[in-house]
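Here Swiss-Prot flags ARG44, GLY64, ASP85, MET129 as S-adenosyl-L-methionine binding site, drawing on sequence analysis.
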Amino acid sequence: MNDKTTSLHANVDQHEIDKFESVASRWWDLEGEFKPLHRINPLRLNYIQERADGLFGKKVLDVGCGGGILSESMARVGAEVTGLDMGKEPLEVARLHSLETGIPVTYIQDTVENHAAEYPQRYDVVTCMEMLEHVPDPSSIVRSCAKLVKPGGHVFFSTINRNKKAWFMLVVGAEYILNMVPKGTHDANKFIRPSELLSWVDETNLRSKNMIGLHYNPITDKFRLAPNVDVNYMVHTQATDNSDL
């Protein structure tokens, strides 16, 4: 496992970093603050594998990897994974967990913009899950992900729609009624409409291939994928020729 740390603080919301650093030690607690991420991870992984025609042997970058839940799961199925994040504590947790499990993942503390400048067209697959709504300029993240992927490669985004339903479900419901995540986890003003995300995608060499919603049923306590993108949603894009970037 190789590590690299670079000090660069552009397009970083320190409040968001601090928020996740404060609970980083419990990242791999299946019943803790990150329980929803553990619950949805099989759905995310299956979607990525199916849309990218498998991950075995592919170079994958997980942008905003946090404590490494998705990163490790992709490495477990044979991908060569690099996890990128600006949170020092979550990365330390990710590195320790990788050592414990023996699943190799390279973790780097850096911004995606800087990583894109250093490693253009390096990866077969780039994932950016539950991260866009936590940065000052999400469109910059989209552009950088586009630069990092090889021509023909796949980029996956997931975020939260900005509307009253999403606010009620994720802020009122998940934070205050069901206590699924810590209070203050979400800032509804930073939620991103699908039309906004797709407009940023269209400004790059990426082309949207699929969009799917992620749904939680509080009665059955189950997550599932479905066409409705009113709340949580994922977008699969594929790169064309990067020469114009």
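The backbone N, Cα and C atoms fix where each Cβ goes, glycine too.
What you are looking at is a predicted structure, and each value in this text was computed from that prediction instead of being measured.
A map of Swiss-Prot features onto the structure.
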residue	record	Cβ within 10 Å
ARG44	S-adenosyl-L-methionine binding site	23
GLY64	S-adenosyl-L-methionine binding site	22
ASP85	S-adenosyl-L-methionine binding site	26
MET129	S-adenosyl-L-methionine binding site	22
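For the S-adenosyl-L-methionine site listed in the record, the two most distant Cα atoms among ARG44, GLY64, ASP85, MET129 lie 19 Å apart.
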